Amino acid sequence: MDFGRVLTAMATPFDDHGQIDFPKINVLVDHLIENGSDGLVVAGTTGESATLSFDEKVKVWKRTVEAADGRIPVLAGAGTNGTNESLELSLLAKNTGVDGLMLVVPYYNKPNQEGLYLHFKTIAEKIDLPIMIYNVPGRTVVRMTPETVIKLSQVPNIVAVKEATGDLSAMAEMIDGSSEDFNIYTGDDHLTYPSYAIGARGVVSVSAHVAGAMMQEMLDLFDEGKTKEAAMLHRKLVPVCKGMFIAPSPAPIKAAIKRKGLDVGGVRLPMVPLTKEEEQFVHDLVDSL
């Protein structure tokens, strides 16, 4: 399955009491679709999956599927650091009507490459949904090697990887060695242009909440052979993309979304709001777009 070029790692809206703001999910989904998102990844890192209960995740997936209403694919962030638990959560996600799953590399327990391979393969063989695996060693400690990704690309319903190592050489190796219908997405917004240029399918993006249309324009220009113009947009986007990580995510992007006129609430502990200085920095970046 092809999920598109620009997928947004969607923030989870909260109300003033830190509870999920379900009506705001509908507003946010419409905003993202209207502003360049080809697909949504829901209850992933940016969606504060670490502080959502299983029940909350299921409700958020269900509401997002209803809000998207078939307009774009919805992927559920259903990965944990246990294989059985990840499978259980994936089956719950399937029942909500999601179009696919994103499963993160198990964190904290530090499996080796064979453990990673068997973890993802075991889940994939027990559920009939397309799966994007998620390589993010900055959060999981363990890094999935290109060899393991290439091996997993042969598993029929493992269809993509979100590659968030920042290593273009590793990405190139995956592109060259993976199965023909396997897609590589960068998980580093500021590397969208160079990743696309070497053959990645696109990006799973945080910044697309506020810059999705500009990202699509950049990729369109590249496809049209207007590489100089595309590179100019890339250079304009880089400070914005990096600025969304001046503090632990998703606090910066939630401030950015609010600056665009859509208040999706704050963050749950142990995440904390931005300082006044950080907030002003984010506002200035959004205003520069």
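Cβ atoms here come from the backbone N, Cα and C positions, even for glycine.
Among the features that TrEMBL reports, site 'Part of a proton relay during catalysis' is placed at THR45, TYR107, TYR108. Residues or ranges marked as pyruvate binding site in TrEMBL: THR46, VAL204. If you look up TrEMBL, you'll see ALA50, ASN81, GLU85 marked as site 'L-lysine inhibitor binding'. Summarising the annotation, TrEMBL assigns active site, proton donor/acceptor to TYR134. Taken from TrEMBL, the feature active site, schiff-base intermediate with substrate covers LYS162.
Structure with TrEMBL features highlighted.
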{"residue": "THR45", "record": "site 'Part of a proton relay during catalysis'", "DSSP (3 states)": "coil"}
{"residue": "ALA50", "record": "site 'L-lysine inhibitor binding'", "DSSP (3 states)": "helix"}
{"residue": "ASN81", "record": "site 'L-lysine inhibitor binding'", "DSSP (3 states)": "coil"}
{"residue": "TYR107", "record": "site 'Part of a proton relay during catalysis'", "DSSP (3 states)": "coil"}
{"residue": "TYR134", "record": "active site, proton donor/acceptor", "DSSP (3 states)": "strand"}
{"residue": "LYS162", "record": "active site, schiff-base intermediate with substrate", "DSSP (3 states)": "strand"}
{"residue": "VAL204", "record": "pyruvate binding site", "DSSP (3 states)": "strand"}
- Item | Integer Å distance between the CA atoms belonging to LYS162 (active site, schiff-base intermediate with substrate) and VAL204 (pyruvate binding site) | 7
- Least surrounded among the recorded positions, given as TYR107, TYR134, when other CB atoms within 10 Å are counted: TYR107
- Item | Listed in sequence order, residues with CB under 8 A of THR45 (site 'Part of a proton relay during catalysis') and six or more positions away | ALA9, GLY77, VAL104, VAL136, ARG139, SER249, PRO250
- Between the recorded positions THR46, ASN81, whose Cβ has more other Cβ atoms within 10 Å than any of the rest? THR46
- CA-CA within 10 A of LYS162 (active site, schiff-base intermediate with substrate), subset of recorded positions THR46, ASN81, GLU85, TYR107, TYR108, TYR134 in residue order, equals TYR134
- Query: What subset of the recorded positions THR46, ALA50, TYR107, TYR108, TYR134 lies within 10 angstroms of ASN81 (site 'L-lysine inhibitor binding') at the C-alpha level?
  - Reply: TYR107, TYR108
- Note on the structure: TYR108 (site 'Part of a proton relay during catalysis') to TYR134 (active site, proton donor/acceptor), Cα to Cα, whole Å, comes out at 15
- Item | Cβ-Cβ neighbours of VAL204 (pyruvate binding site) (radius 10 Å) | 31
- Message: Can you give me the Cα-Cα distance between THR46 (pyruvate binding site) and GLU85 (site 'L-lysine inhibitor binding') in Å, rounded to a whole number?
- Response: 21
- Message: Measuring Cα to Cα, how far is ALA50 (site 'L-lysine inhibitor binding') from TYR107 (site 'Part of a proton relay during catalysis') in Å?
- Response: 11
- Item | Number of other Cβ atoms within 10 Å of the Cβ of the residue listed as 'active site, schiff-base intermediate with substrate' across all protein chains | 26
